[in-house]
Structure formats: structure tokens, C-alpha cells
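Engineer: So Swiss-Prot lists the following for this protein:
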- 23-203: domain 'Helicase ATP-binding' (DOMAIN)
- Met36, Asp37, Thr38, Gly39, Ser40, Gly41, Lys42, Thr43: ATP binding site (BINDING)
- 144-147: motif 'DEAH box' (MOTIF)
- 368-537: domain 'Helicase C-terminal' (DOMAIN)
- 564-658: domain 'Dicer dsRNA-binding fold' (DOMAIN)
- 920-1060: domain 'RNase III 1' (DOMAIN)
- 1099-1282: domain 'RNase III 2' (DOMAIN)
- Glu1138, Asp1268, Glu1271: Mg(2+) binding site (BINDING)
- Lys1264: site 'Important for activity' (SITE)
Amino acid sequence: MSSAVPTNSDAAAYQARNYQLEMLEASMKENIIVAMDTGSGKTHIAVLRIKAELDSCPPDKIIWFLAPTVALCTQQHKVIASNLPAVQTRTLTGLDKVELWTEQAIWDAILKDVRVVVSTYAVLADALSHGFMRMSRLALIIFDEAHHCMRKHAANKIMQDFYHPTVSKFGPSAVPRIMGLTASPVVRSNREELFTIETNLDAVCKTPRAHRQELLKFSHRPELKQLLYEPPDPMGLQVSSQTLRALIEAWETLDIEDDPYVKRLRKSSLDGGALEKALMTGKTFCREQLKRFVDRSRHIFEELGEWAADYYIYTSIQHLKTRVQTSYMTGDWDEAERAYLVSFLSKLPAADIQITLSDAACLRISPKLEALIGFLDAMDDPEFSGLIFVKQRATVSVMTDLLAVHPRTRERFRSAAYVGWSNSSGSKDFLGNLLSMHGQLSTLDDFRSGHKNLIIATDVLEEGIDISACSVVVCYDKPPNLKSFVQRRGRARQKQSTYAIMFPAEDSAFDLAKWQTLEQAMIEAYQDDERHLQSAIELERVNEEVVERFTVESTSAVLTADTAMAHLHHFCAVLPSQPYVDMRPVFSVETDIANLRRGIVILPNCVHPKVRRSEGQRWWRTERAAMKEAAFQAYKSLYEFGLVNDNLLPLTNKPELKVNKLGSIPSIMEASEQYDPWVDWAYSWSSPDIHQSRVVVRLNGAKDRELCMRLAGPTVLPPLAPMTLFWDSETTFTVAFEAPERVPHVPLSSVEDMRTSTVVYLQATSSRLLSTKQDFTALFGPDLPHTDLKAWLQMYEGNEPAVEVYSRRRDPMLMGVVRDCSRYNEPLLFRRWVESGDSPTTSVVEMECDPFPRRRNLLHRQTLATKKLENDKEDTPEPVNKMRTVAADQCTIDRLPFSNAILGLFISVVVQQLETELIATKLYETILRDVGFTSTQHIITAISAPSAQALTNYQRYEFLGDSILKFSVSCQLFFKHPNWHEGYLSEGRDEIVQNPRLTKAALDTGLDAFVITKMFTPRKWSAPLISERLERVAGKRQVSSKVLADVVEALIGAAYMDGGHAAAQACIRRFLPEINLHSLDTRTLSRSVAPEGARQTIHDRLKRHISYTFENESLLVEALTHPSCDYDASTQSYQRLEFLGDAVLDMIIVSAIFNHPVQMPQGHMTKIKHALVNANLLAFLCMEFAIPEERASVEQISTLQFEVISNEELVELWRFMRYRGLDLNNARDASLARHRALRDEILHSLQHDPHYPWQALSRLSADKFFSDIMESILGAIFVDSGGDLAPCEAFVERIGLMSYLRRILDENIEVTHPRNVAQQLAKSNIQFLAQRMPDEEGGASYQCAVRIEEVEAFVVRGCLTAEEAEVTAAIDAIDLLMERVNGSASVAS
């Protein structure tokens, strides 16, 4: 069966309360009166209308919301203020004593910067009457309960005396727009009355038509029920209630001459007329107070019974005495009058009031109340919520107290009184007025939350005030008119609810029939709605064919009207999900004068405004066909806009649709062998162009203690950076390289001499005999011209017996390395000669020698032997001396002095550095030639893997490059694809920056050959030979794919360090050609990505507080637009800007960390970055980022004098977010409540604690939108400034993030996550198992079990989020583990 409401098979659905948007659209076109049932959301339509008007009207205009009662004003203002937290709003009612504001200055001060005023009708009418307010100042007037705009009502006075005359004189542009709100049953009841209201308000009554079906889903009709009771005995007053009888008798016999007012007038000769009037009318203050008190007491007795009357009289007297004793009364009540009243009432007999009774019969209540209690007692509903309407305020208070003590009701019903606040400030009823405003402040909130389940109220709760839907509504007295009948009935909105009216059993059949007739009229009205719906359903059975068809030429993919609806829903389903947002498309239908329909579809606001709203191009008889065609046009538009691919599928990365072009890349893969520069040098020796560099070695940096040698090669030598070599803990050598120079005309013989000198140096410090091959690729020699090499070799090559050296008495300073022939030529360091024996012929020559240092890895300080510690005691013995004595006849001594021989130890290190430099130079000259590096210094760091254990590795640069790449790709996608929503942008970025993509880039460019992974091992090192390199064939090696990806990112970081962003972009472009920011004109694009036609106004103070002046303010509007903001079709949500701002923030934070003077390892930098961009920290800063704003209030300083008091309030950034939704409101308020509770703790931690506040921030658990708008504003600034990071950095500084970063860096604040700390303490033998725990009320909490060494140690329960549970558990685990460690240490000691 077809239906006007699409079924599941249609793959379409309406969003909840979609008719509210329909009414909003209608109100933007003309003045309207929104006529909808009670509880169907009229106030929310008004809020949407206010938001729309604020976005378009000048900032000096005011929106005025009118309501009939003070209570309703208070409620509506609360709703408006909650939904417009950044806008200055205020109420103006009798509570403010507005009627006494007689100066324009007071009104001007109160309304300064106020955009929305909520008041009673009379306040605006009087303000207009006295000229304190003008129609020209108003942008919009909203009339709540608009059916009051009739006859002499203040609402009608506003229109007749001011609106209509202004229209007649100046035209429609001179008056505000009008919106009325009323309950549709009231309007339907009288068409003539409706026409009058429309004329008075210059508006047209509108009821949702296109979504009538949905409206009916949210309105429930209660069952009408009559409660009969026996009327009271007319003679009952004479036989019961002794206290009431005494009060009446005392009142009737009261002598007016005893009245203090009359006595005062008789003593005065000034005003005889006043005395005569008082005696004639019998009206004085005291007599009027007593008269009303007697009347109320009698009414209480008749309505509620004897106990209630006695209770009322007794409580009122006690209340009066208390007020007199505490001087609570106002100064205009004469002391004598107080004493007179107290004296009069004290003479009454005391009533016997028993509060705690077990027998209901002892309460002596009226038959009417007995019937009510019987009705309530019969209610068998655990979810009961009820409302009882009574006539008088006194009845409200007494009935509430009586139900609280009655045995049949006190356990089941949690009663509360509500009478509103009208006239409460100016009331002269000092006697018998038991209800205070303060006592009912929380009544409605308690009722909504379920803390109270029964409210007794006057007719103040009939209309307007938003209370929860009730299951029972009781009229204790018959409704006075149809309006009251309808309004009260509208309060019973729960399913299967009851609407009860109490009747005396002897009431005439006419009255009973009257209400039955009214009920039948209401039933018929609703049946009329249902007939319209049934008619629509019958119409939908018409088979109306929609033949729309679209074909993609390249793939032959086809879109038809029958498939478009499903396609459109799938497109929305894969959009980035957001809390508090329904991502389904919104369908609506408009009707023309021929009753034909055209479909409209609106997509979520993360979709670009150009294709967010689509209309059908034809008019149809059925809604089904209209919506089908609208869906077709919408999806076709998505394809044409580039949001759907040629297969007519979303550009999504969902598994079922993804085609992974990269394939599967293993973690360990085959890559090119590390580039060997000595192969190129080996070939170069066939026709050498010899270059050399002077190598200068200084001991402990002293210039007067230096050694020199020369390094030569067959081609140009790259510049080499100085090195520091660590001999021992007290001795270092600095190796410096002078600028290389070409050496022309070097004969072959000299080259051979250099090879021989290289052997001399290498052999001098080696215990093993070198190979006979001497075709070294790199040559070393003394610091002499090549023509002097032969003489040098003749002098220093080889060795001689030690005995011969001894006989020549060589200077010990010129001694070479001693070699013990008996121990395989073990090298030793000569100390002194030792002779033993009695005569020269029998003496034995020996040498005292030190062992030759075994240490060869001179590059690393950490391999040094530990020397004597500074805190050692002076008598600590020195380590055993390893000096040896060897026989001279078993030793030889090298001719090369040890002072020169030591240079041989440095050759391996020099060659290793030269090799690294040659690899970097080759990379610089080939793959990176267009990047623009100025030197190879940063390249060496970027290509050195940690496994090589070199002095430097790529990890820090990879940390920097990762953020630069993310930033660059984010910018590229954002500016290149202004049509893409955040989901596409995120998936597109992930595809590019993922490790497999970077690994492939490294392989495609040949970068894999230049990644240095080989570890330098000096003990196994051998000088590279020409013969070996000429025979070498390049092979493969096993490399981690992540290492290749890391090196790409590290090179990007190196390029940034070398040449800033320009070099980094060139490097990115080399490996990822599709990323080319230089080809994008960001200044032009910053305007093109802005929403078109945005007219929203932004608070000037916000713009100043951000410290950035937007050229395109619509970007700031977009940055503040939450995905739930569905009422603005011209602005996209902030998600795109938040995507960009996230990358900008990363770039700023990472740059600051990286450029700090203290170099930190990558792991620590990563921890700091994660702590700084933590969503809860950003959310906290968002809540703290506030704008000072002036507010004015009026204080009464005397009877007729008022003073304007100015004060300053802080308006936080989050208040400016544009959104819609009660759930979001509630979540926001809950987050703010947690912020208030945790604020001092978090601020103290950020300013003083040595640890990052992980636990406090996890307990904050702020909703994501708080941090999102920080990042989206950052993105907006970046776009508007044309890609300039400087103003972005200024904003990050302004919110306080940079100052905390500096504190972390300067004071070494511990930022390690507690979970990681616990894992370190437990040596990773610990598990945290977080789990969601549903509760009986439908909510949930989180717990986290901690297992240490496979044993459950404890469980943390009752946390708001899994993160809070895990952080709390980790902190407790740290305490436990530290106790164990300390306990073990104590036992050990």
C-alpha cells in the first residue's frame, strides 16, 4: 500500500519535528501565526526564528518576545537564553518594577547591547506609550499565546496603537516582523475569532500541512473523565471547624473604631474626608486583610474540609507572627496595624492540627477532596505525573501540604505547589499568603526530572509554560471557558493519559452535557485531521510514474528515480557521523494552488551549500512521486558537483567500496642495497682528478697540540663537518677538515707513495698484519707535499728491534708503538726502559709498557670507561695498574712516532664520515636536486636509521616532517577540493600520508638505496679497496617498510630545517607530485571557499578578542556553525575548517617543540604534542576563553528612585557556536557543570603542578564540539589570511596554549600518560580492561579492571567515560606498584 509518509521500502524518512523547519520557512516569507497543538514545539520554532533574525538584522535592533504571565516569561527566557548563550537577553516584568522606570536613561542603560527582550504584554505596551521604546527599534515581535490579541488586551493595544498607525504612515519597512504562537485547537474552535486575530496581528495563521502526519505523531489525545462528588452540607459551617466559626464571628463583630487607621485619622485634623470615607465604606488596611483572610478560610473549608481550614488559619497566623518578629514587613505597614492584627488573631481558639496521622478519617476532609484522593489512589502507574488545577492560590498551598500528610497519598505522590510570580512583589496580602517565590523556583525543574510527580497549580499553568507531558490532568473546578478547557487538556500529552473534571453529583445535566459536547467537538476535530490523512493515503495509491533517468557515459552507470532515494540515503549514511545530528536527508513537499506537489530535499549541513538543497523540477499529484523526483535531482547534483564518482557511489573509503591501489605492503620488505659511494670512487681511480683535504686533529681543542694529515681521493671531496672523538673521560680529539682543493699533476709514483703511507698509518695501530692489497679508495698521508712522501716513508716505514732503539737512546717522545713478538705483535705503549743485572755484560733490558687502548669506537661518549666518581672518598684505592714489563729482545718498535701513529686510529672514523657524506651528496645531487638544500647536514640526519647507531638519526626530523606533511596535504585537499566535505578530506589525507603510500614513494624514486642502516663497527672495519668495489654487484637487503616511510617524512623535516616551508613543499612535491601548494592561490581560494550570501553578524567583541580581523567574516560564521545547525542553508558546518585547523595546530605546536633550545628525543616530543592537542585540554581552554561584556541592572534606592548598576560579565567563546538541539544543550550544560567543579584544580595544575592533569581532564570529559570550534577558528584564520601561520600562532598564544607549552618545555613538566607510566613500572605486565556498565535507569557508567601479572588487582567503577576509568585505574595502579617497589626495597635493605 502506498502512503503519504514514505515507508521503509521507499528508503526515505522524515527527521523528527521537521514541521518546525516548515514553519520557520513560512515565517521568513511573511508574518504568520503558528497554530499547533500544545507541546508540539512552538517555542523551538520561535527560537529558530530569533536566530534567523539575529543573523540578518542590524545589531542595534531588538527582538521582543511577549508572553501573558511572569512565569511564562521566565520559562521562555530560560529557553531562549539557553539556545542563544552568546546573545544578551533579559526579562522585563513586574518583578523588576518596570512600571516605576520613568526616565529614558534607565531604559537606554538596561537595553544597551541587549538583542532579545522577554516581557509581558503590558511592559512593551507601556514602554511604547511613554516613548521609551519605538517601533523602529524593533526587528521582530513574537506574541506567545497570540489568541490574547483581541479587544482591550495589552497585546492588541501594541498593534492597534503603534504597529498599524506606523504601517499606515511609513509603510511595512518601518515596522517589525510579526510572529504569533497559539494552540491550534483554540484557533479551530472559532473561525471568526481567528480572522480577528489575523487582522489584529497583521499575520496569516499557519498550521503545518506538508508534515501533518508527523505533527500528529507527536500529539496524543487524552481520555475525558468526570469525577463526581457530593456537595458540602450548607449547614456544615455551623456544626464543625470551631476555629473558622470563631474567626467569622470575630470578624462580624469587629468594631471599626478600634482600627488603628481610624484612630490615627481621629487624632489628625488634616484630612477629615479620609475618616468619613473609611467609616462609610468600612475599608481600612486591617479590615481588608481580615476580610480576604476570612473569605479564603471559608473557601478552603468548602473546598477541602475542616482540617484544611484549621490548618490554613493556624499556619497563616504563625506565618504572620514570624514575619512581624523578624521585621520582614515593608516599611509602609504601620506598627500599630501589625500589633492590631496580631492581637486580633491571637484571641482565636487554637486549632488541633495533627500532621502525622495513620487514620485518614481523622483528617476531616471535604467530600470533594475525598473524591479526588480516591481518584489519585486508584492510579496504578509507576511513571505517574499529574497536574491539578484549582481556583485560588491559598487552595494550592493547603492542598499541597494536605496531600503530603494524607495516609493515602503521602507515600506515592511527591507534591509541589505552583502559582507563578505575577504580583508577588507588589502584593499587599500580608495575611494568608503562604507561598513564596523562592519556594517554587525549582518546582518545574523538579517535575521534569521526576523528583516531583504531582503539581497543584492555578490557571497560570494552563498555557505557554513548558512542563513535562502529564499522564493525568485534573480540573478541581470546572474550566471557566473553552480556552481553559482546551489549554488544560493539552497538558495531558502522554500516551493513554487522562483528563478529569470534577462535578458535583447534583449538577444539572445541561452542564454535564456541555462538557460532553465540547469533548465530542474536539474528537471530531481530530477525526477531521485523520480524514485528511486518510484522503492523502488514498491519493498516494495513484500509480504516478517518475521516468527520470541519468547515465554516466564513461561507466554506463545509471541513476533512475526509483534508485535515487536509496542512493541518497547511502550517501548520507557514509557522511562523517556527528553526535546530536541526524544525518538522514530531510524531505518536504510544497503544494501549489492546484493542489499539486513538488518535492524538496535538504542534506546535512556538512554538504556544500550549493548542493545541500534540491527541488524537484516538476509538480506531481502524489507526495511519493514528488519526493522521488527530488531525490533524483539531488543525487544528480551531487554527481555533477564531484561528490559522487563515475560509478555513482560516494568517494568513500568504506571497506566494501575501497579499491586499494597500493596492495598489501609487508612490514619487512626487499629494498635496494645501501648505496656504496666507494664503487664510484673505484671507477674514478682509472682517471683520477685528485683532490685532497688537510685533516687537523687537536687534543682537547688546544691549537698548540695538533696533529695533521692529508686525505686524498680521485674526485671532488665533499665538505666534511668537524668531529669530536672521545679517547677517555678526560681526553677528546677534535678532527677538523680544511676546505678540499684540487691537486694537479700528481704522478703515479706519488699516488703509490700515498697508498704506502696509508698502510703505515693503518698498520701503526693494528695488531694484525694488513692485507697485501693496498688499492685503497681513500688515501691518507702526512701533511707534506707529495714530492716529500718518499723521504717520509724512508724515515717512518717499518720497525726495528727494540734493543737497537735502546742502544741509540732514542728520545722517548719519538718512540713508536712497541710490539711484543712473543704475543703475536701485540701493540703496547712505551713508558720507560728498565735495566736489570750487575754488569753491562749480564744486564737485561726491559721496557715498562702500557697496554694499547682497546677502544676503537671513538665517536660515542657512552662507551667510555668510568673514571673515579666525584663523590668517591679520597681514600678509595685506584684500580689495579695494568702496566706490563716486557723483554726488549722480544720486541720491535715502529719507526713512526706514536704521536703520529695515533692518527691511524682516526682513519676508520674519517672514512665512515666521508662515506656518509658521499651518500648524502649523491642523494642531494640526484633525487633531491630540485629541493634546494643548501648543505647535506640535514640530509645525513634524515637518512640515518636508528639501527645504524650513528651520532644522529632521523627520528626527530621524522616527528617534524610528519606534521609538515599532514599540514601540507590538508591544505592541498582543502583548497583544491572546496566541494569535499570533511569525510572526503580526512579519507583523502589518510590515503596520501599513510605509510604504504610513503613507502611506495621511496621505492619509486630510488630513495631506498640511500637509507643508511649499516652500523659502523670499527673493530671489524677494513679500508675499502678498489679491486673489491669493482667486483661488487648491487644486491638487495631487507628493510622495514616503516623505515622507508619515516625517511620520506624525515627528509621533509630536513628540508624545512634547511629552507623553511618552501623547501619542505619542494621535498613533498618530489615524493608526492600530487601535492603542490605552490600551484594554489590560497588568497583567492580563501574567498572562493567561503559560503555565498552569508549575512550573519558576528559579535564585534568576539572579533577583537580573537585578535584577528577577518576580511571574509563568513569564514568565522562557518567556523562557529555546528553540524546540527540545520536552519541556515547558506553556511556549511565547521567540519572542513576544523579538519584544516587540526593540521595547522599540529604544525604550530610541533614547530615550537622542535625549535626549543633543549633537544628532546622523538618519543618525548610526541608525548608533549599529544598532551598539548588533547581534546579535553582544548575544550577547557575554550571554556576559559572569554570576552568581557558590560551588563546593566536597575536597583531601587528609594520608593521612586532607581539606580543603574553596571557590571562586567565574561562571555565564553563556546556561547557563539551556532547549533540546534536539546540534547546538545543538555550535553553542553553537563560539560560546563563539570568544568565549574574542576576549574580550580585544572588551572592550578596548568600553572603550578609538575605533572600534566590527565586525571582532571579525563573527568572533565568535555563534548568534542568545544575543542572543534577552537580548531575551526584556527582554520578560518589560516584560510582568511591566505595561508599565513603568524596570525594562527597569535591565536594559539591568546588562548593560553603556547604559554603552557613553554612551561612544559622550560620546567620539564611530566606529560607521560599514566597508563604508560604504569606499564613501565610493571614492565608491561599489566592490563587495563575498560567496560561500559548499563544501569537500571537506561544510563551507563564505565569501569576499568586492572590485571597485574594475569591477576586482577582491583576495579575502578562509576566513571563517566572509558578514558576516565582507564586514567583513574592507571593512577591507582601506579600507587600500588610504587608501594610494592618501596616494600621490596625495604626488605632488601
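The backbone N, Cα and C atoms fix where each Cβ goes, glycine too.
I would like each feature placed in context: is it buried or exposed, what are its neighbours, and how far apart are things?
Structural biologist: Summarised as a single figure, the pLDDT of the domain 'Helicase ATP-binding' (23-203) averages 88.
Under the DSSP three-state reduction, Asp37 (ATP binding site) is assigned to coil, being neither helix nor strand.
Within its own chain, the motif 'DEAH box' (144-147) is flanked in space by residues 33, 42-43, 46, 65-68, 72, 76, 155, 180-183, 186-187, 193, 197, 201, 463-464, 483, which lie at least six positions past its ends and keep a Cβ under 8 Å from the stretch.
Note on the domain 'RNase III 1' (920-1060): DSSP counts are 94 helix, 8 strand, 39 coil.
Long-range C-beta contacts of Glu1271 (Mg(2+) binding site), restricted to its own chain and to partners at least six residues apart, with a cutoff below 8 Å, comprise Leu1137, Glu1138, Gly1141, Asp1142, Val1144, Leu1145, Leu1178.
Taking a C-beta cut-off of under 8 angstroms and a sequence separation of 6 or more, Lys1264 (site 'Important for activity') has the following same-chain neighbours: Pro579, Ala1175, Ala1179.
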Engineer: Determine how many residues of the domain 'Dicer dsRNA-binding fold' (564-658) DSSP places in helix, in strand and in coil.
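Structural biologist: Final tally across the stretch: 32 helix, 18 strand, 45 coil.
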Engineer: What same-chain residues, at least 6 away in sequence, bring their CB to under 8 Å of the CB of Asp1268 (Mg(2+) binding site)?
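Structural biologist: Listed in sequence order, they are Tyr1134, Gln1135, Glu1138.
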Engineer: By the DSSP assignment reduced to helix, strand and coil, which category contains Asp1268 (Mg(2+) binding site)?
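Structural biologist: Reduced to three states, the DSSP call for Asp1268 (Mg(2+) binding site) is helix.
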Engineer: Give the sequence-ordered set of same-chain residues, not counting Glu1138, Asp1268, Glu1271, with Cβ within 8 Å of the centre of the Cβ atoms defining the Mg(2+) site.
Structural biologist: Tyr1134, Gln1135, Leu1137, Phe1139, Gly1141, Asp1142, Ser1267, Ile1269, Met1270, Ser1272, Leu1274, Gly1275
Engineer: Tally every other Cβ atom lying within 10 Å of the Cβ atom of Ser40 (ATP binding site).
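Structural biologist: I count 23 other Cβ atoms within 10 Å of it.
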Engineer: Tally every other Cβ atom lying within 10 Å of the Cβ atom of Asp37 (ATP binding site).
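Structural biologist: Its Cβ has 22 other Cβ atoms within 10 Å.
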Engineer: With DSSP helix as H/G/I and strand as E/B, how many residues of the motif 'DEAH box' (144-147) fall in helix, strand and coil?
Structural biologist: 2 helix, 1 strand, 1 coil
Engineer: Please report the number of other Cβ atoms within 10 Å of the Cβ of Lys42 (ATP binding site).
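Structural biologist: Excluding its own Cβ, Lys42 (ATP binding site) sees 27 Cβ atoms within 10 Å.
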Engineer: Count the other Cβ atoms sitting within 10 Å of the Cβ of Glu1138 (Mg(2+) binding site), across every protein chain shown.
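Structural biologist: For Glu1138 (Mg(2+) binding site), the count of other Cβ atoms within 10 Å is 23.
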Engineer: Counting Cβ atoms within 10 Å across all protein chains shown, which of the binding-site residues Thr38, Thr43 comes out on top?
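Structural biologist: For the binding-site residues Thr38, Thr43, the Cβ with the most other Cβ atoms within 10 Å is Thr38.
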Engineer: Provide the number of Cβ atoms within 10 Å of the Cβ of Met36 (ATP binding site), excluding the reference atom itself.
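Structural biologist: So the Cβ neighbour count for Met36 (ATP binding site) comes to 24.
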